[in-house]
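Visitor: Just passing along the structure, written as structure tokens.
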Amino acid sequence: MSALNSFNMYKSALILGSLLATAGAQQIGTYTAETHPSLSWSTCKSGGSCTTNSGAITLDANWRWVHGVNTSTNCYTGNTWNTAICDTDASCAQDCALDGADYSGTYGITTSGNSLRLNFVTGSNVGSRTYLMADNTHYQIFDLLNQEFTFTVDVSNLPCGLNGALYFVTMDADGGVSKYPNNKAGAQYGVGYCDSQCPRDLKFIAGQANVEGWTPSTNNSNTGIGNHGSCCAELDIWEANSISEALTPHPCDTPGLTVCTADDCGGTYSSNRYAGTCDPDGCDFNPYRLGVTDFYGSGKTVDTTKPFTVVTQFVTDDGTSSGSLSEIRRYYVQNGVVIPQPSSKISGISGNVINSDFCAAELSAFGETASFTNHGGLKNMGSALEAGMVLVMSLWDDYSVNMLWLDSTYPANETGTPGAARGSCPTTSGNPKTVESQSGSSYVVFSDIKVGPFNSTFSGGTSTGGSTTTTASGTTSTKASTTSTSSTSTGTGVAAHWGQCGGQGWTGPTTCASGTTCTVVNPYYSQCL
């Protein structure tokens, strides 16, 4: 995204809980038992057979009540630390405890089978951030290279200014317990968050508190920033409401969690956005921003008044899980029909997949800073996927720029500038106070999470001018995709090994390199195998 685009700015600064439930901690409290709501998800094999996994979710530590060890006195109230209990990073980590959560009563978080619902406003709590668990003390780790990740989402109750997000970050599986002696709570209590903005609003980072240098927010009564930030790679599979959506990878120099200090963090909280070790902007695919304004929304090709399924594929250069990430592909399934990601209509940007050519073209067409490339691009994003990533599901509003980066014109005074139009919401929309008071009953539902080889996690038909052709789930383990104009040829009009050689609407090479054959994978995609 552009240097001015703060689309991820306050993902890590969601409105944080009630006055008593607004912080993270390192020790474990005993006032409320921590019981993780169950959430099942599936692992699929080629051919379409899937196995159900018994998972659960936990609430991020920043939303929880933090109090003194063996006392109910708050360590943190509103947006201010209680320095009578802790006045240094070390003392807070040792003397403050993180307590269990009343998921439905306090936070409006409920699960049923494979479905998770996040309510926006519940009492005095606003928004939430949750993680998928492998067991009671570990986050579920996903390695998605040469795999597809699928989920169903209902965004029908997300108006302008809200973001129901599903994404991955390279957090420690145990939440840092094994690395930091003061961290007793760990993943069980939602400790260890990091992302590509290097958030400094976290109360605890890497076994220490973030109290030293803490500055309360001037426009948010629950948040502030400290001296330290928590950096790691971030893959935004889904940032969306009922108006707009975006798919955005954010690499870092080092994929795993690293701690930064003050303005050296870069990202949202620093005077120099690009001073840090991570890419705060990303290489985004927002159909509306790419000129396809009739694709996503109420009554459009993907109709956001109804649930739909989102399929994302992580293609490698050699077609194996040990290869390097070369493309990210996306399509949708709604009403039994597979819907391809639309191709860009912006001059100078072609195709409908995220690859190096697309990112370079978007950078040039929109006049953006080369942050994505400078931090390793898809290669480093692939390193994060190889390292394993944690699944995050959240609902938030934006105290920075009112979510205009997602669903409106941003910057608001740049109407007509290439890349500024991101959605149809007015530039006056998204003010958090208004959204919270007028749209407090909003919610998002994520369900039917699946992971597996290409074409194993979904089924559907393809619309072909009034008739529908059925595509079975899992008919092959090679990559399925939408129509694409990505560069997978050898430069001589011949598609390279693993490259695309055909499919509905394909205008690229149809002849394969010597030793490979153009093989039909599905109506949208044929591949040189």
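Note that Cβ sites are derived from N, Cα and C of the backbone, with glycine treated the same way.
Got these off Swiss-Prot a minute ago, pasting:
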ACT_SITE  E239  active site, proton donor
CARBOHYD  N70  N-linked glycosylation site
CARBOHYD  N219  N-linked glycosylation site
CARBOHYD  N413  N-linked glycosylation site
CARBOHYD  N455  N-linked glycosylation site
REGION    26-456  region 'Catalytic'
REGION    413-438  region 'Disordered'
REGION    460-491  region 'Disordered'
SIGNAL    1-25  signal peptide
Visitor: With the cut-off set at 10 Å between Cβ atoms, which of these glycosylation sites ends up with the most neighbours? Options: N70, N219, N413, N455.
Guide: N455
Visitor: Tell me whether the residue listed as 'active site, proton donor' sits in a helix, a strand or coil according to DSSP.
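Guide: DSSP call for the residue listed as 'active site, proton donor': strand.
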Visitor: Helix, strand, coil: count each for the residues of the region 'Disordered' (413-438), based on DSSP.
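Guide: Across the region 'Disordered' (413-438), the residues distribute as 7 helix, 1 strand, 18 coil.
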Visitor: Return only the integer: C-alpha distance in Å from the residue listed as 'active site, proton donor' to N70 (N-linked glycosylation site).
Guide: 40
Visitor: Measure the Cβ-based neighbour count of E239 (active site, proton donor), defined as the other Cβ atoms within 10 Å of its Cβ.
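Guide: If we count other Cβ atoms within 10 Å of E239 (active site, proton donor), we arrive at 26.
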Visitor: Taking only the glycosylation sites N70, N219, N455, which one has a CA atom nearest to the CA atom of N413 (N-linked glycosylation site)?
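Guide: Ranked by Cα distance from N413 (N-linked glycosylation site), first place goes to N219.
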Visitor: Could you state the CA-to-CA distance between N70 (N-linked glycosylation site) and N455 (N-linked glycosylation site) to the nearest Å?
Guide: 53
Visitor: Could you tell me which three-state DSSP class N455 (N-linked glycosylation site) falls into?
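Guide: It is coil.
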Visitor: Could you state the CA-to-CA distance between N455 (N-linked glycosylation site) and N219 (N-linked glycosylation site) to the nearest Å?
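Guide: Computed Cα spacing between N455 (N-linked glycosylation site) and N219 (N-linked glycosylation site) is 46 Å.
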Visitor: Could you check what DSSP calls N70 (N-linked glycosylation site) once collapsed to helix, strand or coil?
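Guide: Once the DSSP labels are grouped into three classes, N70 (N-linked glycosylation site) ends up as coil.
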Visitor: Note the mean pLDDT of the region 'Catalytic' (26-456), expressed as a whole number.
Guide: 97
